[in-house]
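Novice: TrEMBL lists B:68-85, B:97-116, B:122-141, B:153-174, B:194-213, B:240-265, B:277-300, B:312-331 with the feature transmembrane segment.
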Amino acid sequence: MIEVRGLGVSLGGRPVLREVGVTVAAGSWLAVIGPNGAGKSTLLKAMIGLLPHEGSVLVGGGEVRRMKPRERARLIAYAPQNPVLPADMTVADYAILGRTPYIPYLARESAHDREVTRSVLSRLDLTEFSERPLGHLSGGERQRVVLARALTQQAPVLLLDEPTTALDLGHQQQVLELVDRLRLDDTLTVVTTLHDLSLAGQYADTLLLLSQGHAAASGPPQNVLTKPLLTRHFDAHVQVTPDDYGRPVIHLIRPGE
Amino acid sequence: MRRTWWAVGVAVLVLLGCMTAGLLVGAAGLAPGSVLSALLDRLPFVSLDSGLLPVEQGVLFELRVPRVLLAALVGGLLAIAGAGYQGVFRNPLADPYLLGAAAGAGLTVTLVIVVVGDSGVVPVAAFVGAVGGVFLAYALGSSAGRGGGTATLVLAGVAVTSFLTAIQTFVQQLKVEELQRVYSWILGDVGGGWPQLLMIAPYALVSVMVMLAHGRLLDVLAVGDDEATSLGLRARRVRFFVLLAASLATASAVAVSGLIAFVGIVVPHVVRRLAGWSYRIVLPLSLLGGAAFLVVADLVARTVLAPAELPIGVVTAFVGAPFFVLVLRLTKRVDA
Ligand SMILES: Nc1ncnc2c1ncn2[C@@H]1O[C@H](COP(=O)(O)OP(=O)(O)OP(=O)(O)O)[C@@H](O)[C@H]1O
Ligand SMILES: [Mg+2]
């Protein structure tokens with residue numbers, strides 16, 4: 001579904017991504033991991049064609065850069081790491097923005113658009129918030145609202161930049177379970193960046209470890225979440241143990257213990 | 001949705017009320033009752049004897065009616081243009097003169113008054129100058145800024161404004177005896193009558209329609225260029241169309257009324273306080289509210305020192321500023 005080849009991105013005259021390549025099969029989940037500043041967010045932005053880049057990004061067989069914006073928006077939904085949330089806008093008005101690619105240039109939202117929005121909000125436990133202004137939400141509520149906007153887009157490819165950072169334990173699980181269920185029900189292809197490596201290992205089929213702008217490792221979780229790789233690229237003291245299902249779980253160890 | 005129609009309905013009523021007041025009151029001292037009958041007499045299927053003399057009819061239909069209509073049109077244009085600029089720049093401090101429209105018009109009008117000395121071409125000169133000023137700022141801003149960023153555009157507007165204003169001041173100094181005329185043009189006047197009203201009507205109509213049609217898209221733009229783009233919006237194109245329409249509206253208003261301050265920035269804010277953030281409602285209500293506001297300002301300008309007239313630009317600030325503060329206080333809330 002997604003095929004990235006020889007991707008290079010320069011920002012402010014500095015190369016941020018170099019020769020990154022990755023393939024994501026339709027209906028699978030790729031988690032992009034890596035230390036701060038490794039280029040994870042940049043990779044996602046390049047994937048929806050927001051950044052000028054070298055190499056190629058193919059989604060659904062087409063070159064993203066060449067797609068018409070509306071056509072591309074019906075194919076790929078994107079939730080940024082730091083979304084702009086106008087303080088006065090209500091949750092429902094914000095979520096329905098996801099319908100933009102389906103509304104003709106000078107037309108207005110249809111009843112169907114409102115219905116889709118309502119059902120997404122209820123799926124995310126946000127119905128009671130729908131008339132609240134965005135400025136009056138907690139960090140985690142905001143994050144769910146942004147996810148709601150991406151879901152109303154009903155695109156087969158979902159790019160989520162740090163979708164769980166501000167969520168409490170229960171909501172982290174709930175959101176990722178929801179994404180996973182959508183992925184299975186509607187065969188969505190999901191790409192997330194995730195800082196919680198254990199979660200990344202639990203949900204993703206494939207991990208891509210970015211480090212200083214290049215792909216340091218990629219593959220199934222047990223091949224990427226290894227003590228040597230994590231120690232080298234994150235500069236962290238960790239212990240990796242398999243859980244009951246063989247998925248790697250990462251523990252932070254205090255240096256010297 | 002229903003709320004929008006409701007609010008627009010209320011605003012239309014307020015505007016009609018203000019316009020009626022503007023028509024009834026004036027320096028000629030026509031009896032309000034007779035004015036009303038004379039106006040109603042013009043409606044189809046209505047026939048009333050107003051008792052007004054032909055001269056008084058002339059005052060009403062050749063002076064007062066076009067004056068009220070022109071005030072309404074100019075006020076509406078400036079306010080909706082201000083709202084449009086604020087949407088495009090995502091900046092509440094944007095006003096219709098931000099991109100050099102005022103400075104451009106100021107320069108060409110000064111040139112015409114000082115060099116040509118003919119007032120008949122002032123409206124055309126103002127229109128050309130306003131469009132030229134915005135064009136200059138836009139060309140400069142898009143060549144300097146990569147990716148069509150709005151910050152560069154605003155800075156280009158600031159640069160163009162100070163540059164053109166400097167030239168204008170210089171030209172003005174060449175012929176100090178014309179200072180008064182230049183100044184009184186700047187302070188504004190809506191007494192241009194039917195010819196000026198008809199002159200700008202087509203531009204006004206087109207620009208207002210274009211802006212009203214873009215309300216939803218300006219709402220999408222509120223989440224920032226990157227996200228709007230990821231939602232399938234051509235952010236630059238939307239911005240370009242709205243800027244074009246808002247600039248055309250501004251140029252039309254400036255052409256027939258001078259540089260009336262305050263309307264373009266305050267009216268959209270009052271509307272936002274009262275009716276919410278969405279441009280789908282801010283744009284139409286700014287149009288109606290700006291119209292009502294300027295009709296009232298003109299009424300005050302004509303009557304306070306009658307038979308002398310205050311410049312309308314002075315009144316807008318004088319009436320507008322306290323009114324604005326009042327609205328801010330009455331709708332007090334936590335700013336995010
Ligand atoms: N507009 C920009 N101009 C120049 N450099 C940039 C720009 N945006 C990001 N960078 C740099 O590019 C690098 C990668 O940034 P990116 O946001 O992709 O990191 P990230 O992996 O998402 O990090 P984090 O985990 O902190 O979110 C960083 O070093 C950052 O400083
Ligand atoms: Mg990031």
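Cβ coordinates are placed from backbone N, Cα and C, and glycine is handled just like the others.
Note that the coordinates shown come from a computational prediction; the quantities given were computed from them, not determined experimentally.
Relative to the rest of the structure, where do these features sit?
Specialist: Long-range contacts of the transmembrane segment (B:97-116) within the same chain, counting only residues at least 6 positions beyond its ends with a Cβ under 8 Å from a Cβ of the stretch, are 85, 89, 122, 125-134, 136-138, 153-154, 156-157, 160-165, 167-168, 171-172, 174-175, 178, 181-182, 185-186, 243, 247, 250-251, 254-255, 259, 261, 264.
Sequence-distant contacts of the transmembrane segment (B:122-141) (same chain, at least 6 residues past either end, Cβ-Cβ under 8 Å): 99-109, 111-113, 152-157, 159-161, 164, 185, 192, 196, 199, 243, 247-248, 250-252, 254-256, 258.
Sequence-distant contacts of the transmembrane segment (B:153-174) (same chain, six or more residues past either end, CB-CB distance under 8 Å): 89, 91, 94, 97-100, 102-104, 106-107, 110-111, 114-115, 133, 136-138, 140-142, 144-145, 182.
Remote same-chain partners of the transmembrane segment (B:194-213), defined as residues 6 or more beyond its termini with a Cβ less than 8 Å from a stretch Cβ, comprise 62, 66, 69-70, 73, 76-77, 80-81, 83-84, 123, 241-242, 244-246, 248-249, 251-253, 255-256, 283-284, 287.
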Novice: Using a Cβ cut-off of under 8 Å, list the residues of the same chain at least 6 residues beyond the transmembrane segment (B:277-300) that approach it.
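Specialist: Distal contacts: 3-4, 7-8, 11-12, 14-15, 17-19, 21-22, 25, 67-68, 71-80, 82-84, 87, 190, 208, 211-212, 214-216, 218-219, 222, 260, 263-264, 267-268, 270-271, 310, 312, 315-316, 319-320.
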Novice: Report, as numbers and ranges, which residues of the same chain sit near the transmembrane segment (B:312-331): CB under 8 Å and 6 or more residues beyond its ends.
Specialist: 71, 186-190, 257-263, 266, 269-270, 273-274, 293-294, 296-298, 300-301, 304
